[in-house]
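The block underneath contains the structure these notes are about, expressed in structure tokens.
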Amino acid sequence: MEEEAKTKPRTAGPYLCCVCNQRRAALKRPKTLEQVCRECFYEVFEEEIHRVIVENQLFKPGERIAIGASGGKDSTVLAYVLSTLNRRHHYGLDLFLLSVDEGITGYRDDSLETVKRNEIQYGLPLKVVSYKDLYGWTMDEIVKMIGLKNNCTFCGVFRRQALDRGAAMLKVDKVATGHNADDIAETVLLNILRGDIARLGRCTAITTGIYSPNAYRGFAREFIKDLERIRPRAILDIIKSGEDFRISTSTKMPEQGTCERCGYISSQKWCKACVLLEGLNRGLPKLGIGRTRGLNNDRKDAKGNNAAKSIESKQCGTLDF
């Protein structure tokens, strides 16, 4: 029996990559349950992205595309993949890196250094827009006034508009942003909890002009991780439910217009960013937290002057990867 065991060939079984059948599997993909090696994962991952781009006709030759670059893992991977596929498949795109400096000491400083390295590595021009230049406030200054409780509201709203303003400066056609499956699942869950039918109907779309809310995101992330420990495919199932969501034709949806003050997309007279900024400038930082109907009905300032100062901005499409 012992001699027979020595002569019997060893089989790698499930540990062998199911794509190349040569190298040891390094990971199991939750999406397909396939066990693949590192090299094959890179190849399959890049090919899937290329297929999505082609099938959805996301780009046209000659388009200018800004890549939202935060210096984090998701945006760095997006910058690498888009620059690689653009060369490999001859998309004919002009790619740019677009970063937002919120003015958070010890946090954004380091990540911007990563973005600057990406600029050199991938040979992509970099544009950095700052809260200080756009709004007259840094996040450090906002936190000193508002405290830590509601600062995410300001940061999320300002960042989304800062990306659009940066896109207008670069005169790009689209902005590509990087999100992982956790991000999308959290957004679906948040929109369900908030009863936000409008956002729920579009939050899983591959192209969108709406940035997901940050409120309660910490709770959603913790809850989703608990679900994932019980059932690994839970995240993908939540995303699928968002994709399958359909809104009744009889449901009244909010009408999208433009902010009278800055020209940014808004369903109110003033967009959320302008409402928040007005509160900061008046020394009333909580003015934009919660209901803002009163301020949106007031187009005049204290002196009776028109408060809707026009700022030109180009609105472009956003691609979520």
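Backbone N, Cα and C atoms are what each Cβ position is placed from, and that goes for glycine too.
Annotated ATP binding site per TrEMBL: G68, A69, S70, D74, V100, G178, D183, in sequence order. Long-range Cβ proximity for A69 (ATP binding site), meaning a same-chain Cβ under 8 A and a gap of 6 or more residues, is found for S75, T76, A79, L97, L98, S99, V115, N118, L126.
Annotated domain 'tRNA(Ile)-lysidine/2-thiocytidine synthase N-terminal' per TrEMBL: 65-208, in sequence order.
Look at TrEMBL and you will find 257-287 tagged as domain 'Cytoplasmic tRNA 2-thiolation protein 1 C-terminal'.
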When the binding-site residues G68, G178 are compared by other Cβ atoms within 10 Å, fewest goes to G178
Helix, strand and coil residue totals from DSSP for the domain 'Cytoplasmic tRNA 2-thiolation protein 1 C-terminal' (257-287) stand at 13 helix, 4 strand, 14 coil
Protein Cβ atoms within 10 Å of D74 (ATP binding site), excluding its own
16
Using a Cβ cut-off under 8 Å and a sequence separation of 6 or more, which residues in the same chain sit near S70 (ATP binding site)?
S99, V100, S111, V115
Over all pairs within G68, A69, S70, D74, V100, G178, D183, the annotated ATP binders, what is the largest Cα to Cα distance, rounded to whole Å?
19
